[in-house]
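Quick look at what TrEMBL lists:
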type	residues	note
TRANSMEM	12-30	transmembrane segment
TRANSMEM	67-84	transmembrane segment
TRANSMEM	96-123	transmembrane segment
TRANSMEM	135-156	transmembrane segment
TRANSMEM	239-263	transmembrane segment
TRANSMEM	284-305	transmembrane segment
TRANSMEM	317-336	transmembrane segment
TRANSMEM	396-412	transmembrane segment
TRANSMEM	418-436	transmembrane segment
TRANSMEM	457-481	transmembrane segment
TRANSMEM	493-512	transmembrane segment
Amino acid sequence: MGGMPWKRVELAALVLYALGFYLVVIRKSLRLSHDYSGRLYGLRAGSLAGHLNDLSDAQWRNFRGNLPILTGVMAAFLILVNTLRYCYGLKGRGTALAWLILSLSYLCYLHGACVVFILLIALINYSMVKIFAHYKYCTSLIWSFNLSVLILNRVYEGYSFSLFGQNLSVLDNYRGTFRWHICFNFVVLRMISFGCDYCWTIHSSQFDHKKHIQKCQVCYSGKTCYFALQGLSVDRYTFLTYLCYLTYAPLYIAGPIVGYNAFAAQLEVPQKNYSFAQISLYGLRWILSFLLMEGMTHFFHYNAFVVSRLWQQLSPFEIFIISYGVLNFMWLKFFLIWRYFRFWSLVGGVETPENMPKCINNCHDLESFWKSWHASFNRWLVRYLYIPLGGSRRKLLSIWVIFTFVAVWHDLEWKLVSWAWLTCLFFIPEILVKSLSNKFQASSSLGMLVHREFKAIAGAVTISCLMVANLVGYVVGPSGIKVLISKMAGKEALPALAFIFTTFYVGVKLMFHIREASSSQQG
């Protein structure tokens, strides 16, 4: 009982520090946004108290601008499909056909004549999988083909019809409203998923699914884990269901990512983990989060500082505020985009993994961060890359392959490759420290206290490394590293660096309290 009052005092002190920190950050952010508003790119006329709205991020600007028409398309598709599904008892192939017709019409609007490229590549992949599925090297062939497609799509910028003959050049005038090869990154993941799931069904004894199924059951908290489903028969791998899976409208543009087995099973029987009331509450929470984003972009112009490259003129502490703000903006942006499409999919009867199950400010190690940022992609990587590469037995080697693939999958840019390799470098000490920490079992109160403090300091170091990696990948780029180092390495930066590290330390300690409170409630 003696430890309880001490923990309460610690928690009170941590909360007071956190409140003071956010008051300072908010006040400084407001001042920076006001003072530099005339020099920032990407600001537009706003709708809140006369403030300008930061729409400098192209992805968020496009999503927000197209939200009304996208919502209209979502409503029309859901009304039509669900009416057919429940009035005519559509299952399996019937549902797949309905979704395929609607999805192809959606793709024709988005990509115009370029839908031909999508269907042709999909047909080649399907034929290759069906022909070579009985061979041992089938999965290697699937990966080789899809990686080649991924790279060639980027190199040739989605190809030009004139490349295949001048008589086809007229089709270049009908390429739709959205570049097809950008969306095709997700299609590549689905093609790999279909191919591997089919090959593993043919050679079921050659792949150990047990570890992954257990991981999925834990992360789904006892619910039916559609992502780990293994029970599909061979005759369920049809061309109709395959095309429906690749082009499924709710998940086509941005995901979340769901495996072929999981998708095909829910075409037969719609998901049952979420009730109508839960889905409605999910949609309401999305609306409230969208309003939060509107407030954030009107009052805090974090991303505009990055786009305008004005961060180079700021003090070390101000650079930290902008960097911290950009990461939170990115988290909320992806949170809104992914949850919108997941909501659409849920209403359509297909459950996918939650991409942002945990706030960015509630992760103190790289492993938990990547399980909570684009989580469906993380599970896809575990299932189709990490386990086939050897799993935990070859963890130190496989992370280099995985993160390099993640970087190339996003785009062919050196700054992303730099981000990937920096993340791997920071991952190695964490893996080794965790291995040592698991072997250390503190028995005395002093030992437990020392172990807790060591974990808090290690967490603060990890968060610092994570911020550096993301700054290089998404803010300053490799070309800005010298400027960043010169800003942060001087004597005048030491107070700011000490404050930043202390803040991360306090944040990790708060995370410990949150987890302990959550564990006690569950217990």
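Cβ atoms are placed via backbone N, Cα and C, with glycine included.
Since the structure is predicted, the reported quantities are computational estimates derived from the model, not experimental observations.
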Touch test for the transmembrane segment (317-336) and the transmembrane segment (396-412), at least 3 Cβ pairs under 8 Å: no
Best-contacting stretch, by C-beta pairs under 8 Å, relative to the transmembrane segment (396-412) and drawn from 12-30, 67-84, 96-123, 284-305, 418-436: 418-436
Range from 12-30, 96-123, 239-263, 418-436 with most C-beta pairs under 8 A to the transmembrane segment (284-305): 12-30
Long-range neighbours of the transmembrane segment (239-263), counting only residues six or more past its ends (CB under 8 A): 73-74, 77, 92-93, 96-97, 99-100, 102-104, 106-107, 118-119, 122, 126, 178, 183, 186-187, 189-191, 193-194, 197-198, 226-232, 337-338, 341-342, 344-345, 348, 350-355, 374-377, 379-380, 383
